[in-house]
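**Q** Handing you this structure, nothing more for now.
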């Protein structure tokens with residue numbers, strides 16, 4: 001190799017090694033493979049190929065950086081999609097090792113339960129160290145008088161189901177939208193979202209109200225249990241008849257406008273009826289798959 005070609009080769013090698021756009025030695029060696037024969041050791045060809053390689057690499061890195069920044073921005077601004085929620089659902093049953101550890105966690109996060117525990121521990125300590133004083137006896141009676149109603153409040157708080165109307169509407173909307181099967185994975189997603197809703201709106205102290213998806217399903221069944229629902233067709237027909245009768249007896253438009261009433265939010269009875277129809281449909285499909293030939297019982 002002549003000294004002139006050697007000079008150009010060394011110069012190009014230093015430029016390539018100093019170029020930060022090339023990330024790995026594999027890319028650098030790929031660029032060197034172009035110069036294995038003497039036919040390519042022309043100074044003009046070397047510089048031209050070098051500039052093309054750098055521009056191509058910068059373009060690829062620029063596209064990759066822009067796509068990564070766009071993805072990061074979209075992940076930061078947008079809410080998680082339904083697919084990501086379904087793939088990353090973690091219920092308390094999956095997080096805690098046992099139901100006892102879950103129950104202890106819930107109790108220690110409940111304010112009334114913590115106050116009750118403090119009162120009980122204080123009463124026990126006073127009884128142990130100051131059991132022979134009259135003041136201690138009087139104070140013990142006072143503490144226990146607070147402990148009894150406090151215990152009742154904690155038991156009611158953990159045993160009584162959520163009665164918030166907006167929460168029930170949210171649950172019915174999720175059921176109508178997702179149409180969950182009896183043992184379907186959709187119930188896991190619904191349970192996860194309802195736990196988050198209770199925590200975000202201050203209805204529960206932790207995002208772990210429902211321990212598993214069966215608990216959320218059981219809560220929904222308690223809403224429709226013992227209720228009698230009319231079919232949507234019948235209700236729609238009755239609505240038409242009622243509308244016709246109202247038109248006949250309404251009188252002037254101003255009188256009709258005055259007789260109308262404002263309803264905030266969706267109709268709860270209609271939501272409950274639609275969700276009950278979906279549940280009944282999937283109940284039939286579930287039992288038909290489990291025990292074929294039992295259509296006569298539905």
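Quick reminder: no glycine exception, Cβ is built from N, Cα and C everywhere.
Pulled these from Swiss-Prot:
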- 235-262: region 'Disordered' (REGION)
- 1-111: topological domain 'Cytoplasmic' (TOPO_DOM)
- 133-137: topological domain 'Extracellular' (TOPO_DOM)
- 159-298: topological domain 'Cytoplasmic' (TOPO_DOM)
- 112-132: transmembrane segment (TRANSMEM)
- 138-158: transmembrane segment (TRANSMEM)
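Relative to the rest of the structure, where do these features sit?
**A** Averaged over the topological domain 'Cytoplasmic' (159-298), the predicted model reaches a pLDDT of 78.
Same-chain residues lying 6 or more positions outside the transmembrane segment (112-132) and placing a CB less than 8 Å from one of its CB atoms are 139-140, 143-144, 146-147, 150-151, 153-154, 157.
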